[in-house]
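Copied from Swiss-Prot, the annotated features are:
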DOMAIN    1-32  domain 'EF-hand 1'
DOMAIN    33-68  domain 'EF-hand 2'
BINDING   D46, D48, N50, E52, E57  Ca(2+) 2 binding site
DOMAIN    72-107  domain 'EF-hand 3'
BINDING   D85, D87, D89, K91, E96  Ca(2+) 3 binding site
DOMAIN    108-134  domain 'EF-hand 4'
BINDING   D117, N119, D121, Y123, E128  Ca(2+) 4 binding site
Amino acid sequence: MAEALFKEIDVNGDGAVSYEEVKAFVSKKRAIKNEQLLQLIFKSIDADGNGEIDQNEFAKFYGSIQGQDLSDDKIGLKVLYKLMDVDGDGKLTKEEVTSFFKKHGIEKVAEQVMKADANGDGYITLEEFLEFSL
């Protein structure tokens, strides 16, 4: 399934997916309308930072979108949340949020995101993140 989706996105068939190919795909699917969010997700998937997503990088990412409705208005935020949730426990810690945004050179965003912790328990659930981000 991941391989078939990769091939669908890789329009020129060169074995790597460029940002433009991803942008065209999500536009066709009417998913992730915010370009800054799409760029952040792309950079997060592109682990080696070469400006393209190879099949291995895509396979690692595929789990975060598997079973998701790509036309869901919140799909970009849900994917971003899963990319930040490094340990996969379904809640974000301050360390996960800070590490993610620091890696992308926008650590000030981490402070804002931590405000999503509505109940003050030190973790951000997906629900809190979506509510805060809307």
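Any Cβ shown, glycine's included, is placed from N, Cα and C.
From a predicted model like this one, the values you see are computed outputs, not experimental measurements.
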Chain-internal residues near K91 (Ca(2+) 3 binding site), provided their CB is under 8 angstroms and they sit 6+ positions away:
D85, Y123, I124, T125
Which of D48, E52, E57, E96, all binding-site residues, has a Cβ with the fewest other Cβ atoms inside 10 Å:
D48
Measure from the Cβ of D85 (Ca(2+) 3 binding site) and count the other Cβ atoms within 10 Å, all protein chains considered.
20
Suppose the Ca(2+) 3 site is D85, D87, D89, K91, E96. Which further residues of the same chain have a Cβ inside 8 angstroms of that site's Cβ centroid?
M84, V86, G88, G90, L92, T93, Y123
Arithmetic mean of per-residue pLDDT over the domain 'EF-hand 1' (1-32):
91
Quick check for the class: what is the C-alpha distance, in angstrom and rounded, between E96 (Ca(2+) 3 binding site) and E128 (Ca(2+) 4 binding site)?
15
Secondary structure at D46 (Ca(2+) 2 binding site) (DSSP, helix/strand/coil)?
coil
I want to check the contact list for E128 (Ca(2+) 4 binding site): same chain, sequence separation of six or more, C-beta distance under 8 angstroms. What comes out?
A116, D117, A118, N119
Nearest-integer angstrom distance between the alpha carbons (Cα) of E57 (Ca(2+) 2 binding site) and D87 (Ca(2+) 3 binding site):
18
D89 (Ca(2+) 3 binding site) and D121 (Ca(2+) 4 binding site), Cα-Cα, nearest whole angstrom:
15
Under 8 Å between C-beta atoms and at least six apart in sequence, can you list the same-chain neighbours of D87 (Ca(2+) 3 binding site), or say none if there are none?
E96
